């Protein structure tokens, strides 16, 4: 059983959980129930309360004993006996059912309107009679005083079938091209029908004349609504003698008083889906309207949302069990949903145990999913030594941290700090002892942390009390007694550092005032050590302190700030001198550096030059490289700049180039000498 809450309204889904297939034997079902915990814990209010594929309509008999539903596939009707909490019978039909009506108090007289224009009558034993209407029907209503059935559908006529005479009567001619829904008022039996043009026509069955016409399409369009086409009427329901609710195909519900042509209230579902069903809940003055996606309950006087439900599958029909808080739905799924809302009313008498069950659930709420998990940050994981688990299945990322199993967290904490329990135990014992001491008659003791701040607050409170007594005002609460600031006087992490530079500059007079408080603190400590019951301050010290303080206060704040800054500068000088002495005393050891092969060590000046170059701007470096010839900047035709660089050659490359140049010169000289010898030999042969 699932429990949801919206606007503090508890909704219990009694059909939640796994369902077993019909073809399983009872033996296998029992075996599955023993093995599977979810199947064993589910609540099956009515046994096999489902359809093979889809359920389209669901209704309750007037005596409340039978629940009837139609669906597919194959087309069938199922009747469930609530007293037996099981299925009464099942009957298969020739074609799908558009809608049906229970004419008797029980299941003995039923009328089915089918999609192939046939109207089928069933009695207690089964099929009784079958007839056909001229056009395809969409809805019908039964007029009890005259025993007439009024059929509306894909026609401008309203067909009347008299069940007492067993014949069709003269039809009612309307101005509409087609009609979608109809209903008869249970008090004065006014017949109303909703047309495809977005109008509602009201007829008097006694005179068979139209007595009223409402243009609901025009009234449903407001400043906030967005529609694509003309809204038609998709749902219609009477409430008492004067109220009527109309649902449109664009998702609006209009509540009318029959004495007025303007709607009392217009409620938009904001989904743009046709309204499938409208029900009235008289005890709380609620209207239950449903489209294929959501069921909304809202107040018919103010339009304020009471609660809403969004089932997993699309909704086809909604049925409210009379005089109770139970709601049943027909869905685009095999299982038909049953909801119990205790606020709407008590449970039906055939399932009164639901009241006790819901009361127990409210007394013992179930633990949420996060109760078994611990939220930790990255810093917590590092302290526990579990940072390597980030990205694994043991940690689930959430916001600025992770969720991990509480058992794993406790194990890791025990391994990281095995004495944590002992520390926790000692702290608890200390707190208990302090609580017992607090019950005794004690002296005015100052806290362990921020004693001077506490003394300052006590002095200010004493001065304020004297002022308030004179002015006859109420005393303000003390910060020392306020639980919100209790940690500031207990936790050492909140200790004020009076030696910090920020504190001394922001509080220039604190040094003089603190002297007075330090004297008082010494006096109080001495009194506590002697365990005296009364704390009295020596008059001489107090008067001297007051006189010195009064003379100091006459000086300006600017002078005090200057003094504090001078003191800070002096302290910095002393620190620098100490550092300089430490540097002189330290002996520097020589460091040896290895030079790469092919490079020569010249001096440390090259590195200094490089550092100076790095400090210069890019413009200065480019100008320097242009002078050296390693950079050439030129303008292009497009208007942009083009820069070409020449890489500097290393010493090794220069040596290699010089060797290659020398080698080329040697080869040239050898070639010249060889050619000179050849020319001499040729001349000698010619002379011979």
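Here the Cβ of each residue, glycine as well, is placed from N, Cα and C on the backbone.
Record features, source TrEMBL:
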DOMAIN    1-364  domain 'Nucleolar protein 10-like N-terminal'
DOMAIN    369-417  domain 'Nucleolar protein 10-like second'
DOMAIN    482-508  domain 'NUC153'
COMPBIAS  528-538  compositional bias 'Acidic residues'
REGION    528-558  region 'Disordered'
REGION    644-688  region 'Disordered'
COMPBIAS  648-663  compositional bias 'Basic and acidic residues'
COMPBIAS  664-688  compositional bias 'Basic residues'
Across the domain 'NUC153' (482-508), what is the average pLDDT of the model, as a whole number?
75
Taking helix as H, G and I and strand as E and B in DSSP, count the residues of the domain 'NUC153' (482-508) in helix, strand and coil.
15 helix, 0 strand, 12 coil
Give me the DSSP three-state residue breakdown of the domain 'Nucleolar protein 10-like second' (369-417), ordered helix, strand, coil.
25 helix, 13 strand, 11 coil
